[in-house]
Each structure stands twice: as C-alpha cells, then as structure tokens.
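Engineer: One structure is given below, represented as structure tokens, and several questions about it will come after.
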Amino acid sequence: MNTDQQPYQGQTDYTQGPGNGQSQEQDYDQYGQPLYPSQADGYYDPNVAAGTEADMYGQQPPNESYDQDYTNGEYYGQPPNMAAQDGENFSDFSSYGPPGTPGYDSYGGQYTASQMSYGEPNSSGTSTPIYGNYDPNAIAMALPNEPYPAWTADSQSPVSIEQIEDIFIDLTNRLGFQRDSMRNMFDHFMVLLDSRSSRMSPDQALLSLHADYIGGDTANYKKWYFAAQLDMDDEIGFRNMSLGKLSRKARKAKKKNKKAMEEANPEDTEETLNKIEGDNSLEAADFRWKAKMNQLSPLERVRHIALYLLCWGEANQVRFTAECLCFIYKCALDYLDSPLCQQRQEPMPEGDFLNRVITPIYHFIRNQVYEIVDGRFVKRERDHNKIVGYDDLNQLFWYPEGIAKIVLEDGTKLIELPLEERYLRLGDVVWDDVFFKTYKETRTWLHLVTNFNRIWVMHISIFWMYFAYNSPTFYTHNYQQLVDNQPLAAYKWASCALGGTVASLIQIVATLCEWSFVPRKWAGAQHLSRRFWFLCIIFGINLGPIIFVFAYDKDTVYSTAAHVVAAVMFFVAVATIIFFSIMPLGGLFTSYMKKSTRRYVASQTFTAAFAPLHGLDRWMSYLVWVTVFAAKYSESYYFLVLSLRDPIRILSTTAMRCTGEYWWGAVLCKVQPKIVLGLVIATDFILFFLDTYLWYIIVNTIFSVGKSFYLGISILTPWRNIFTRLPKRIYSKILATTDMEIKYKPKVLISQVWNAIIISMYREHLLAIDHVQKLLYHQVPSEIEGKRTLRAPTFFVSQDDNNFETEFFPRDSEAERRISFFAQSLSTPIPEPLPVDNMPTFTVLTPHYAERILLSLREIIREDDQFSRVTLLEYLKQLHPVEWECFVKDTKILAEETAAYEGNENEAEKEDALKSQIDDLPFYCIGFKSAAPEYTLRTRIWASLRSQTLYRTISGFMNYSRAIKLLYRVENPEIVQMFGGNAEGLERELEKMARRKFKFLVSMQRLAKFKPHELENAEFLLRAYPDLQIAYLDEEPPLTEGEEPRIYSALIDGHCEILDNGRRRPKFRVQLSGNPILGDGKSDNQNHALIFYRGEYIQLIDANQDNYLEECLKIRSVLAEFEELNVEQVNPYAPGLRYEEQTTNHPVAIVGAREYIFSENSGVLGDVAAGKEQTFGTLFARTLSQIGGKLHYGHPDFINATFMTTRGGVSKAQKGLHLNEDIYAGMNAMLRGGRIKHCEYYQCGKGRDLGFGTILNFTTKIGAGMGEQMLSREYYYLGTQLPVDRFLTFYYAHPGFHLNNLFIQLSLQMFMLTLVNLSSLAHESIMCIYDRNKPKTDVLVPIGCYNFQPAVDWVRRYTLSIFIVFWIAFVPIVVQELIERGLWKATQRFFCHLLSLSPMFEVFAGQIYSSALLSDLAIGGARYISTGRGFATSRIPFSILYSRFAGSAIYMGARSMLMLLFGTVAHWQAPLLWFWASLSSLIFAPFVFNPHQFAWEDFFLDYRDYIRWLSRGNNQYHRNSWIGYVRMSRARITGFKRKLVGDESEKAAGDASRAHRTNLIMAEIIPCAIYAAGCFIAFTFINAQTGVKTTDDDRVNSVLRIIICTLAPIAVNLGVLFFCMGMSCCSGPLFGMCCKKTGSVMAGIAHGVAVIVHIAFFIVMWVLESFNFVRMLIGVVTCIQCQRLIFHCMTALMLTREFKNDHANTAFWTGKWYGKGMGYMAWTQPSRELTAKVIELSEFAADFVLGHVILICQLPLIIIPKIDKFHSIMLFWLKPSRQIRPPIYSLKQTRLRKRMVKKYCSLYFLVLAIFAGCIIGPAVASAKIHKHIGDSLDGVVHNLFQPINTTNNDTGSQMSTYQSHYYTHTPSLKTWSTIK
C-alpha cells in the first residue's frame, strides 16, 4: 500500500508534525471542526472570508486559531482517530456531525426521530407522521459511529477514508474548486462506495465505480475518448494528424496491424503492447487503454473519480452537455498529471474552476436565449434553428474536427498547445467563435418526411399500387360502361409498378430535406451526395421502363415486349418498396452505420448504439409488426380501396350536362364528378394512414393481455388463489429469507409485515378499528401450557367465499384496491430481494415550483371562488365518506383522551345522548371542535393527503424509510434481541440503516422567496420528516455594484440549525455561474439539485404523487431490475476482453413503473384522464418495454444515476424545444445504448387533472411538446437509424399517436369538403335506379341519368371507418379494466363513461391535440403549462370557456357544422347523424362539462358576463375582454413589439415572436384557400342549372353573388370605421372631458353596425338565391370561407407587430393618440389599427352570432326541471344523496341576482326572437314568390338572381338528343392489332 501512497504524499505538502495536531486537541476534532460550539466563535463557512462581515446566514468572523492558510496542514493534518472526547469520528465532509456542524439538528443534543418503529403505542406505521404526544427528551439520539460503515468497517478497503479526504482536498487546492462543493462531492463519493461495498468487496466496489465513471466499456468518458479519437491526440497529437480520410498507405498499415492484433496473445500484455506499437485501430487503442487502466493503483482510481465528480459538481448548466464535461475533465486530468501542476506551490484560488472554466460557457448558453435589456433578462426572438443549444454545443466535442475548432483570444488553436497547458488556457477560449449549429430544428413539416420516411413509403407506395389496380378507367382506351372494356395488361402492370417510383421519390425528397437540416460543416454530417445519386439511379430504373411501356405504342395495341417489361418492373417496384421500407435512411449506400471505420464512430456511439433485442423479445417484435401490417394491408384493400372501385369507374367517366357560369360557361361544372372523385380519393388516402394505428392498438392490446396472463397479473387468471397464498408469497418475495437461519418461524416474520401494512392503512384512516381487528395476526394462548401462538386472520382463507368485501373492507374502498393489487402483484415473477444491509442506496428526487405544500385551513373550509358551490372539505367528504368517518372517530378519541388527561371525565358521564350528538356536529362538519393548532392541523393533513399536494408526496415516499426499517427489523431478529428492552437504541439502529439506504431530495427552487405561509409549511415538513433534504436557490447581492447577484445551490434538512432570522443554516452551499433557470423550469430545477442526490439510483417523482408502505416493501426487487446487484467479481480491465465482445454490453438505464391514478372515480373527466394514463402507463408499457419501444416519461421511473448523470442528466433543458423534458432523457438513453425496462409489480399513486380546462391544458402541452419533438434531433436519429421493427414501435407509440389525431381531424375536414361537393352533385342530378346485384354493363334507367349512387354510398363506408377508428380508442381502457378488475367492473366503468358523454370529451380532446400540434409546427410559441392540481367544482364563465377553445375547436366545429347542415339538407343520409354528434362535441363539449352550466340563475348571470365581455376593454384596459382575446390571438401571428411603457396591460401579454411568413402561408393561407376553393366549386355547380334547358343568355352570375356578399360587409365596415375614426379624432378628446365612455360608445356603434350588416347580407344571399334554402346555405358557407381567406392574408401580410399594451386600441376609439407612449409610431399606428379593426368588426359579428347560437342551443336543457342535479351526477358521479348543496346568499344578494336575471333573461329572449325572425321571415317569403326576381335586370347583373321553378329533369324522353335507339344497343368496338 505504501508504495501506492508514496507519489501521492509527495504531491501534498501537508506536514504532519505533532505540534500542529496538539495545538488543536482541546477544541477541535480531527478535521478542524469545533467540538463544543460554546468554545467556538462560529461555524466555519468557506464562503465567508475572514474580515468580511457576517452574511445572511448570521456568521461571526471565523475564529482566529481557525483562520490559517490551509497549505500549512493545520486544517486537516491530524493523525486519525484523535478526537476521543465523543467516541465519535466525524468529518466535516460527512452529512453528520457534532452539535454546531451543518449536518446536525437545531434542537440541541436530542431531536425527535422522524419515524418510530412499529409495534410501540406511539409507533408510526403510516404515511401520516405523529406530532406531539411524546417527550423529545425520552430519546437521546446517539449519531451513528460510522457514516460509511460498509467501506470503513472492512479492513480490506484499498484506500482509507483519510486518504480519500486528502485526495479531495488536494484536488480542490490544485484546481480551484469550492470548499462546499468538495465536501458535498466527498460525501457523494463515499455514499457511492458504501453502497457498492455493502454487496461486494471494497476493492471490487472501487474498481466497478471507476469502470462506470471513467474506464469501463459502458463508461461514457471512455466511449467519448475513443469517439473523438483522443487516443490519437495523446499518441501523436491532433495537430500532426490530417483529420478526415485515410490515405492508401494508412489503409495498408491498418490491415497489417489488424492481423498482428489477431495473432497477439492477450494474456501477455507487454508482448501485445510491443506488437501493436503504431497501430491506431480501435481494437489496438482499446487494448492499450485496458492495459493502462489495469495498472492504476487504488489511489489513482479514487483520484480519477474524485476529479470527475468535482468537475461535475460545479458544472451547473454544463452538466447537460456530457461530452463537453468529458473534455473539460480530460484537460484537467492532463494538467493534474503534468510536472507543471506538481511544481506549483500555491493553491488555486477557490472558485477558479467555476469562474474561469464553467462561467464563460454558461454565459454563452444564456446569451443564446436571453439578452439583457435595462438590467433584466429578455428572451431573444429566435427560433430553435438560430439558437446554438445544449446539444449543438455538446456535439462540437464528438469529433476531432470540432475540438480542432477551439481557438483562444490570441488566435491560437487549443490543440496546438501541449496537453498539460490546455486546462490553464480554457478561460481564454472565445466560445462565441467556436460553437455552431450541428442540427437545424427548422419549424417545418419537412422534418416528418426525413424522420418518418419509411412510414410514407409503406403507405403511399402501397396505396398507389392498390389505387392504380382499381382505377382501370384512367388508362383504358375509350371506356364504355355498357361494354366494361378492360385496359391492356401491360398498362395495368405498369401503372401499379409506378409505386416503386413513388417510393424512390419519397427517399429523394427525404434526402434533400436532410441536406437542409444537418449543416455540412459539422464533422458528423453524413455525406449525402453518394446516397442522392444512387437514389436518382433507382428512381430512373423504376421510372424509365414504365415510360417505355406507355410510350411504346398506342393504348389500342397489345405488345408482348411491353407486357414483359411491365410485369418485370412490377416486381422491381415491389422489391424497391420492401428495400426502402426496411432500410434506415441513415444506412443507405454509405458507411455511416458501419462499425468497421473510425470515421463516424462518434455518431454510432451517441446516436445509434441501440441495445439489440434478443431471443423471444426479438421474435415478439417481428410478430407484432408482421401481424399489424398483414391485417392492415388486407383490411385496407377490401374495405377501403375496393369500395372505391365503382365510384372511380363512374365519376371518372361521367360528364355533366350543365349551363354554367356567366363568365366562364360550363368549364367547371362539366368536370364536377372528377373534382368529387379527387376529393374522395384524398379522403380515402388519409383513412389509409388511420387504420394502421387502429391495428397497432388492437394487436398491442392482444399481446399485452397475453403477457398479463403469462405473468399472472390478470384477475381472470384461473390459478391465482392470490389471497390464500399471500402469506407464503410475502415470505418468499418480500423478505430476503435465503440467508436467514431457519430458527425463526416464517409465520412470525410474515405477521410483522402484514400487521404493519394493516396498521399503516388504519393510521391513514382507510380502515375502521373493527376491520383492523379482523385483518391482523393476533397472539392467542397456545394448547401448550404457558405458550402463546399466532392466529392468522380468516381473511386469507375466506377470500374464496366471495364475501370478503363486506366483511374485511369497506366496499370499493381504497384499502380493498391496495390490498388486492398487493396480493395480485406478488403472484407475478419478482426478482429476489437482497438483505437490507446489502441493498444499494437510492434517492427520490421531486422538483417543486409553486405547487401546494399543505392546504391551509382557509383553502379547505372556504369556497374556492365566487363560481364555486362547495368547499374543498365538503367535496372531499363526499368523495371519501368512509375515510372521513374513520378520521372523525379517531379525532374524537384523541379529544376524549386529552379531556381525560386534563381531568374533565366526570362531567362527560352526565351528558345525555342528544347533547353528545350535538357536540359531535363540529367533528363531522369540519373535523375539529377546538381551534387549537394540533386539531386544525389534523384536518389540514387529512385533506392534504387526499388532494394533490407535496405533503402527500413526501409522506407517501417517506414510507421507503419505514419499509427499510421494518424489513431490517424483521429480517434481523438478533438485532431486536441485542437491544433487549432498549426501544430507543433499537430505533436509532433502524434509523441509521434507513438513512444509509434512502434519501428524499426535494428541489424547491423558490424556497428563499417563499411567502411566510409557504415557509411555515416547508418548515413543518422538515420538523415532521427531519431526514428530508431540500435543495433550493439562494441569492446574494453582487460584490460590486452593477454586477449580477451571486446565486448558490444550497441544501438543508431537518437537522440543520435554525438561525436568528428563522432560516436554517445550509449543509452545503455551492455557488453557480448565474441563474440556472434558463429553460422551461422543471429540468433546470432538477439539474441544480442533482448534485445533492446520493446512491446509485434515483426515482423521479412529481409533486402530486403518492406511495404506500406495501409498495415500498418491494423496493429491493425493483432495484434488482437494474441487473447490477449480483455482480460477479470480474475485472472490467482484464486484457483478454476483445473490443467486439464489449460492444454488446448495454446496461439498464431506466426502469419504468406502473401508476395508479388516484383521481379516478371522482367524476367523468378525472376518470377519463385516469383511464388514459392507465392504458398508456401499464397496458402499452407492458408490450413496449418487451419490444424495445418504451421511453422515459418522468414519473415514477427509476433511473441508473451513474449512467444518466454522465450522459447529460435526467432531462433536457433547452427552452421551448424540450417542453416534455422527461421523454428526451429516455430517447437519449436509448440512443446511447441504455435499456429501458418496465416493472409490472410495483406502482405509485399519481394525481391527474380533474377539470375540463386543466385536462386540456395538459393535452395542449403534450400536443405542442410533440410538435417540438418532431423538430428535434433525437427524432431524426431514431427515425433514420433504428431497425424497422423498432422504428415502427417507436413511431406508433409516440409521434404516431399524435399524427393519428391529426389525420382524424384532417380527414374530417376533407370529408366535409367532399360532402359539400358530393351533395351539390347529388342535389342537382337525376339519379339512376341502382341495383348493385345487376351486371355493371346493364343499361341504366332512366336513360341519360347519372349513376352516382355508389359514390353516395361511399359516405356510409367512410362514416363506418371513422366510427371504428374512434371507438377503438376505448378498447384499451375496457380491456385494461377487464383484466385487472373483472368483467362486472369493466362493464360498469364503460357504461358510466357512455352515460357521462365521455365520447364527446374524447372527440374534443383529439381536436385539441391536433390543433396544438398544428399550431406549434406552424407558428411555434410552445410553452410549459403547469397542469391543474385542484378539484373541478367551480363553474367557469361562458366567456372564458369560449375564448379558451374558440380558436382551437369551436370555430372549426361551427364552420363544419354549417357544411354538414348543407349536406344534410341537400342530400339526406342516415350516416350523417354520426357527424352531427362529432361536430356537436367540438362546439358544445366545453359547456357540457362545465359544472352547474345549466342552473337557471347562473346561466343568465353568465349571459350578462358574456355581453359585458364582448363590450368592455375599449375605453380602458380590462383583463378579461373580447378585444383582449382577439389581440392575443392575433399576436401569435404578428408577434409583439419590443417597446414597453410600463402599463398594466403589458403584464398579461407574455412573449410572442412573429411567426415565419412561409409557415403562415403553408399552414394558414393555403389550407384556407383550398377550403374556400372547394366550397366555391360546389356553390358554382349547384347554381349551374344542370339538366335545365337553357340558352347561353340564361347563364347565372353566381360568382358576383359571392363577391357582393363577401366584400360588401367589409366595405360597409370600412366606411363605418372611417366615420368613427373621424368622429373620435375630431371630437373624442372633447367628449372625453365630460363623458367617460366615449370609447365604449364609438366601439359599440361600430360593432353593432357590423353585426347588423353581416346578418343583413345573410338575408341578401337568400334573396339572391331566390329564397332557396339549400343554395343559400352553401352560399353563406362560401362567403365565410372567402372572408377567412381575405382576413388571413391581411393578418399575415399587412399587419405589423402588436403593441404589448392596449393603448392603440383605446386611442382608436377615444381619439387620444397623444401621450400614449408610442413615440413616432403614433403617426403610423392609426392606419395599422384601421386595418386590424376591419378584421375585428367581422370577427366581432361572428363571435356575437356564434356565441348566441351556442347559448340558444342550451335553452332546451335549461328548462328541464332539476337539470342541475342530473348534470352534477353525470359530472361528479356523486349519488343524489351526496349532492353538492346550492350556495347560500344574503337577502340583498338574492334580490340583486333576481333583478339581473330578469333583465338579461329578457335580452336573451329578445335576441332569440330576432334570430328566429331572420330565419322564419325569408322562409315564409319564399312560399309567396313564384316568378323570377331578376327578370327586369340586364347586363352583368342580369342573372344575379337564381332562376326559380325551372325543371332540371332531362332524362329519358326529355333529353335533347333523345332517339329511340340511342343507348339501347351495344356500340361496336375497334378491333385490336397485335405486335409480336
């Protein structure tokens, strides 16, 4: 050992003379900490320099004897074990310490243990800790003698703890790390060593740690070292290498070296090293590396890991960039090993590493996203493709070419410096000139072409083949229906063979897009030219011969040559499609994915190191996708494409006989069937994508069910006996009984575990005392005299009688669910647990921002807001009646005991029963009678444990601590015997073990800025759970004026001393480079706290989850899933391992777990959200994890901490882009070779949103986040490199779900367009008498009719498809419920959903998903939306619901509904009823799911609010107004101006950057134009007088009608606005002096006129159409679409940016432009505002009419008696007896409400009457008018009015060309000629 230590001691110049040690013996322990705080002037904090005044932690200047230069060795130079005073051995590094050290408690020498052991009267067996009731002096807490026993207890440990400390201190001095960071990382490292060495020898523990962090095959550092070819840099230097291609000479040498490598004997290291001298291949480099690593001494290994941890611990944002950190570490290591460092005498100043190395990179990262304006950070208006993000920065270090780009200020390249000098010059690097984009996240749909190219090939090519085969009329010469003549065979083959050309074209486009996304200057960019030319050749091969076939001869000539060529080309096309479907784009025709070359090894290592599937998993993956596509292709062909065959044949060959349009005659109307056919095919094409997803869901569900039976999870598994065998299973699966001596009876051990579970449920008030008695094991006298025996509860046996529900639990209770799942889960295969002593240490990490910690009394017993009808406590009592009953009984017992203790029992006896009932009222009402804090606190806790609070999460996950103590005690009975009756000593021992193995870390970034009540709650948490660790951000003012404040990451727990200012003194306080919150918040919050995690694994938990004792007992098995517990004692650096063998090593990175959504059964929406989460998190995760498609979804996944933290952390953090931050960590793990598993037997609780709005906020966040994911490089790597089966799994499990929603909405819109055109076609045509069973060559009657019936029947097919696609979404929920809870529960839940209209909600949610995705990909602006945590009992005002959902769903629903109305009236079909239901959902869902929407009074008060919402905000700013909503909607497109004037209205504005014009044209204008064109064509056709005998003079001018009705309202509005603007400018300021409402009056006039004008032109259209309702409808629809198009163009192309304040709007109406803070823009703004107001007036009219229509449609419901009660039952699933009472108002309030209701009720019915009049009036008039209105007009306006009473039947004898023989005999055909 000494030889190893020698060089190290040479480096440290720490004298260990006796004088230095003796001088401190009295007052200080061996590490220089004051032993008796009374003797020390203050606790030494390295952050406070001597002489500076005490900082906010209230420190005195450090003691004189302390303030010595640490290089003299007086700080830690004492010999070990010197501090004998306390018999304790503490280090200032450890988390424990004597009083006065940061790891100690503030309560002096004793503190109350956070959890007491089970079994004692005060024991805590529950998630609710016990407060009070015991004397804190009773338990004297002797702190553990050794904080890291597994390492220090073993005499074999290769390095002593003192030597490790010396290493950390030495590194800190030499490289300038912070003192607190060093202490933190030392503790971190020791906990890691302790955790490992508890299950292996210390030597192996250190070796395996070094292998994981630095040198092993799975270590990221080693992978990077070889990927970036740093072995070459170390050998010959990058500056001496020509980076890039190998020369011919080098290639020859490479072959020779490879041969030498194969011949070498790996056992003889020396000989092999000599042989491979000069060989730069990966195998040789790997051999050299292993040999080098194998020779390291333990001290050097410690030094390597310590240096990495110290770098990582202070890297703050750089932790997200794993390889950048590796580079910094490499530079530091080179410097450390060099003589330059050894010879340096004075230490580096503290903080040098942070300030010199990390902060410049931090500033670069921050400046990419933010700029400083007036001293505050403002987000730059850059989209992702202009921001050099974390990934771009990181990828610079992947390739030597990138590292070569690093330049210093003086222009020198870093690689030109010697290795040892690089670290010292890192501060001089000009990072701004170094980093660049390595992947452009351009906001475009083209990413989908590249990333998912194989999906398009599989669908578009096959659809082409199916379609071409079934459309013979397109390539048949002179097709005649009566003959049904067939095309040439060659043409049939050739047109199908074009599918191969389509596939090649897709690949070419994908490659071109890739060219634009991956900048060529990045060394990792693939060389695409070769692939591009190859693709062009394949394209030519596929297309050339087909051109030959079609051009070779006329379509009347049969040619054998053409036939043969066409047939061969068909098979070539099939081969092309199969090849392109299977081959990833990344591997096409290039060496990019080949392992043989070192050129792209970095991209393979970091973006394509997928863990392969093996054995059954691989075959299962293949089977899933073969089944899906076999089913899909056959079903699509027979159901979708064959049904098109007849419509294609008819529509493609029919020409219409119509008069046409005044301006262009019959050009358009003749081809109407072909236009309809195009629309039908387009709609069917979208459906072709949809049904793949449908089959994926079905097959996935089937496989998942199969697996659940196989695992024995299902309740339907016949052999289950889950309760009878439960005790045996607890013994075999929960307890680690293998190493245990047999002398203890299993029953004794099982009983302790079982009783603890039952008692914990009793303490959580889930079980009443009588239930508990039946469920516990009891001690009863034995038959043997004097002995006692255990009696098992009858529960285990009587389960089979099926009467257990009533006897043992409350029916359908939480206790029943938990015990059932526990029993069920133990019947599945579970990894064997290790003894507690040997289990690894792990941490639970929870980020917290502003979520509720603990509910306040006010929140519980006061109504939420004016719209709520119930207090939270009332609602919770209704949801959990049994638990409330138990709680009240418990409280009463407590109150009686307290009363008895105070001596009042005599009075109690005298009270009669009635009085006691009255006395109990307060208990049952609010849970307490006395307002003493201990009673109110109990009620607060009871409510908090049933809401989504942080307290619930912490109390739930602190059960790990209880579980560990319980298991340790049960499995080690000798410990209990050893302590005898000393309960305190036993508890201390158990505490020690729990603290060693489990940590709970909450990242409360805002703690330092908490309000008093939040601080009080946080302090309450720390007192209840002293072992809870809280990391927070601490801020200090800057040292010099004008600089940024200093920000620290600090850590406290419940043992930290409380200072005078009420705050706690932190254990660790590490300075950061600046504010760490640069992204969307959550990932940065996790990252800053990550340095405080301990152990080998982290469980990531959100602040609204829960856990249970019985689940925590399984923790050892869950951790065993990482496959690292039974490590064989192998040397990872053994020289025999070949490079090829090690590439197969893929560690488990993430273990996912199930979630139980505890908000289910609290109403329909909560239950839908819960069902969705269950199927996604359980049913699908089960199959996905097996076939390698599961990613990481945040909670409640366990992660392999070393694997993830060395690869960029637990989430990604670029603002906007990484919106769903968790999933990126999963993709990152998958790309870098980690495996992701799913654990079936363990589940946590999770809260979900319960309100309509909050659920859809979450939906919006997920949808927008998916839009951002589509742009991300992870999708690019996965999509272009995964093997086909894994790619399909990934696609359909993640983006496919969202694109499927998008396709559903797209197909719905396409269908509406098709329906409008098809209905107008059917409306105007005389249909044939159609019989599908007759041959198609029969003569159609009447002669000259149009046989459109098959096309009309297609609507039925389409409806059925959409219907199935929709209902299939419910299959997984039902199946999941079926297998987990049985048939009855599944049926019950399904019918509850149906009766509660949950399908309506599903349709709406699907629209929100697709709308969020669409708008994100077009406009951007995705932001983090915090999801709701409360209960949805408030009635939300109509105006808020309307403004929230109008843009995303209601407008689209209303437009489609008008089109559907036209379709229904023009040509009625029963299947259209389904669309009426769907579209009603889009319009009415927000109001149907609004609590108390139909309460009479509330409805009309809400109407009042709506009217006021429409009219306010024009005189002065109002937070909630129509104009505000319109401006915000518009700003998403136009963006905001930067100029601020400090007005209140600016606060609400937020950030919105201007959308890219190209995107707006693609996403807003073009679809709008297509829609307008589609409606316009249908409108002109329905007016084209089909079949009417006319002359050219009779052509109608329907186009002019559209022009008039579209533009006239806009022109009138413009006139009104000019008038108002003139009025306001001239007289507004004058009026303003006396009238306060000038603006409102002006706006009111303009808005009123706009509404009247739009309604008037609706009637005008009716008149122009000669009062024909059908034609008027399509006319109005067309006008609306045309106006939309005009307004979109105006907004996108004419409007400048919006002001953040509201001044321009108010100035327009009041005329006060001056003094509004607009500066010179006051001159240009009026014209901009005028343009905006033109659009606004039409929008106002639309919102006024649409809002009223929605309100009027609710009238039939409002007038139903007791509707509110039925509606509440539907929403909340509360029985009528448990209904929420109506609110109670004072008399004055009641009178006021009644008056308002009368007033607005009258207004409502008045508007209703006017609307009715507008419809009834023209309808009545139409019956009175018989002659053509426009007869008297001539010229252009001659046929402005549609002629009436014309006959359009020109069939049979009415035909103009009728001859008796025509169409009654078969015409003769041309004869064929044949060429040989």
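Backbone N, Cα and C define each Cβ position, glycine as well.
Residues or ranges marked as topological domain 'Cytoplasmic' by Swiss-Prot on the basis of sequence analysis: 1-454, 514-531, 585-621, 700-1358, 1466-1469, 1665-1672 (among others). Among the features that Swiss-Prot reports, compositional bias 'Polar residues' is placed at 1-25, 60-71. Feature annotation from Swiss-Prot assigns region 'Disordered' to 1-108. Per Swiss-Prot, the feature phosphothreonine maps to T269, T272. According to Swiss-Prot, the transmembrane segment annotation covers 455-475, 493-513, 564-584, 622-642, 679-699, 1359-1379, 1445-1465, 1470-1490, 1561-1581, 1602-1622, 1673-1695, 1803-1823 (among others), on the basis of sequence analysis. Annotation source Swiss-Prot lists topological domain 'Extracellular' at 476-492, 553-563, 643-678, 1380-1444, 1491-1560, 1623-1643 (among others), citing sequence analysis.
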Engineer: Who are the long-range neighbours of the topological domain 'Extracellular' (643-678) in its own chain, taking Cβ under 8 Å and residues 6 or more past its ends?
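Structural biologist: Result: 467, 470-474, 479, 481, 684, 1314, 1317-1318, 1320-1321, 1324-1325, 1336, 1346-1348, 1350-1351, 1354, 1357, 1577, 1580-1581, 1583-1588, 1590, 1592, 1594-1600, 1836, 1839, 1850.
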Engineer: Taking the Cβ of T272 (phosphothreonine) as centre, how many other Cβ atoms lie within 10 Å?
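Structural biologist: A 10 Å sphere around the Cβ of T272 (phosphothreonine) contains 20 other Cβ atoms.
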Engineer: Three states by DSSP: which one describes T272 (phosphothreonine)?
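Structural biologist: Once the DSSP labels are grouped into three classes, T272 (phosphothreonine) ends up as helix.
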Engineer: Look over the recorded stretches 622-642, 1445-1465, 1470-1490 and say which has the most C-beta pairs under 8 A to the transmembrane segment (1673-1695).
Structural biologist: 1445-1465
Engineer: So if I draw a 10 Å sphere around the Cβ of T269 (phosphothreonine), how many other Cβ atoms end up inside it?
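Structural biologist: For T269 (phosphothreonine), the count of other Cβ atoms within 10 Å is 18.
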Engineer: Cβ under 8 Å, sequence separation of at least 6 from the ends of the topological domain 'Cytoplasmic' (1466-1469): give me the contacting residues as numbers and ranges.
Structural biologist: 1318-1320, 1322-1323, 1352, 1355-1356, 1582, 1670, 1673-1674
Engineer: Can you give the mean pLDDT for the topological domain 'Cytoplasmic' (585-621), rounded to a whole number?
Structural biologist: 85
Engineer: Taking helix as H, G and I and strand as E and B in DSSP, count the residues of the topological domain 'Cytoplasmic' (585-621) in helix, strand and coil.
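Structural biologist: Going by DSSP assignments, the topological domain 'Cytoplasmic' (585-621) contains 17 helix, 0 strand, 20 coil.
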Engineer: Six or more residues out from either end of the topological domain 'Extracellular' (476-492), which same-chain residues have a Cβ under 8 Å from its Cβ atoms?
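Structural biologist: Sequence-remote neighbours of the topological domain 'Extracellular' (476-492) are 469, 549-550, 554-559, 562-563, 565-567, 649-650, 653, 1336-1337, 1339-1340, 1863, 1866-1867, 1869-1870.
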Engineer: Grab the same-chain neighbours of the topological domain 'Cytoplasmic' (585-621) for me: Cβ-Cβ under 8 Å, and only residues 6 or more beyond its ends, written as numbers and ranges.
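Structural biologist: Sequence-distant neighbours of the topological domain 'Cytoplasmic' (585-621): 223-224, 226-229, 245, 281-282, 323, 398-399, 450, 453-454, 507, 510-511, 514, 524, 526-527, 530-531, 534-535, 703, 1143-1144, 1146, 1186-1188, 1230-1235, 1277, 1279-1283, 1285-1286, 1289.
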